[in-house]
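**Q** Below you'll find the structure I mean.
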């Protein structure tokens, strides 16, 4: 592991697992081949016995058959086997130490060609021979490699285009106008979002109040009234669609959640959706659309990176611990800005912490994030180390994070603490434990971003209503700023917004991981943990306001309250960020 850190039990290395799987498959294949070969050879032995014990009157027939038998025997690869030419170094399989024993046990009955041991290896028994299909295979392999390289280059170009500030007219770098409001700021666009809660019915069609239908259905589901719930669901399904307007899409995904709750399959469906692997390229394209449609992520990354840059101006070594690193979209532009720092960039070390993914490779995503960040570090000549930890956050101890006293320490957590259990599940709150661990680290800076949600009530109907009002802002925002049939908008609504809504509606107990709190509640938590809020930087706030006012819809807002920077849509605060010191 980079940085000399001993991986915690949560960290994973997949190489041994893959090798063991390959070994198991190879041994299984050898055993099967041995059995088949032995079976066939037993038939041959039986035939030999019949030949030798044939009556004398068949001697004429034997005489005719003997030349053919001799030819077949001479064609057997016995000599090649005796010389062990297919077991020479040319056919060695690295990491397969137990294979020779299996081979020796089947020597008398198994005469495998070299290709069965390892495809494409060079065997002494076949040296000098040219397979007529080799040229075609080599060409296909070459094309495959070229296609993979081309795909990697395309993804890399997408990363550069979406994540880096390459435009000279970038609002975050261009001079600010002389007058910018220091208070509540809205976007400058002249578009307005469509009404929410109503189906997109034409003048000749019946207008349906989907909001009321959804609430009535939730009330029936809360008391297990399946008859009325199913009748209401039929009406909702009739007027909802994943490709309709904002209200129809909201109703579609909330109906999915209600249906799963009534069937008792919410947790199963959620786990299946969460286990689905979406390619990084598709996620990046969706992120690009989201960044164009709304300022939330761009402003969040700008706030966090600028705050980190300000606190590390004179630091030669910087360690960032990111709780919820995911794809690391925040850090390429941070490295870009470090490369322009007077005196050169610091030595940067990032510890990426995240929840484990389902399956055999729980750290696969954040390890891939580390490889991408290494490429950007080389691109911008930033000395860089990366360490990945996949596990439950409340089980990670200070010792697992390998803190060095000569490094400036920053803890970064944007919008992911909502996925941890709270006091409604256990008295020993994992949220409090993680905040206490961060406090023990004594960081120079703690950047905390939260989703300002109120849909964490223990009572289902109350939670349902709050979730409906909250998520309607997302659907309405996308409706006003993205094409209805944009495949990346559909991906965002299906894989993120719809999945979160399903978890809120259909899951209970520890299975319900979407548990947001308001920024005011998080403010009190952070104070209890021993943190002190830092004042908002005026320059950062001015540039954030300028970016939103110049580039985004008029209904987006940027505001501040009690040392929190607030972002929202049509008066509803959705995201909040703040900076803290220990």
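Quick reminder: no glycine exception, Cβ is built from N, Cα and C everywhere.
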**Q** Between the candidate ranges 137-169, 368-400, 401-433, where does TrEMBL place the region 'Leucine repeat II (LRII)' annotation?
**A** 368-400
**Q** Look up region 'Disordered' in TrEMBL and report which of 181-205, 456-480, 481-505 it refers to.
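**A** So the range that TrEMBL calls region 'Disordered' is 181-205.
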**Q** Motif 'VHIID' per TrEMBL: which of the ranges 313-317, 318-322, 323-327 is that?
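**A** That would be 318-322, the stretch labelled motif 'VHIID' in TrEMBL.
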**Q** Okay, the region 'SAW' (506-581) and the region 'Leucine repeat I (LRI)' (208-268): do they have at least three CB pairs under 8 Å, pairs separated by 6 or more?
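**A** Contact confirmed: at least 3 Cβ pairs fall under 8 Å.
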**Q** Restricting to the region 'SAW' (506-581), report the mean pLDDT as a whole number.
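**A** Summarising the region 'SAW' (506-581) by its mean pLDDT gives 96.
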**Q** Under DSSP, the region 'Leucine repeat I (LRI)' (208-268) has how many residues in helix, strand and coil?
**A** 48 helix, 1 strand, 12 coil
**Q** DSSP-wise, what's the residue breakdown of the motif 'VHIID' (318-322) into helix, strand and coil?
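**A** For that range the per-state counts are 0 helix, 5 strand, 0 coil.
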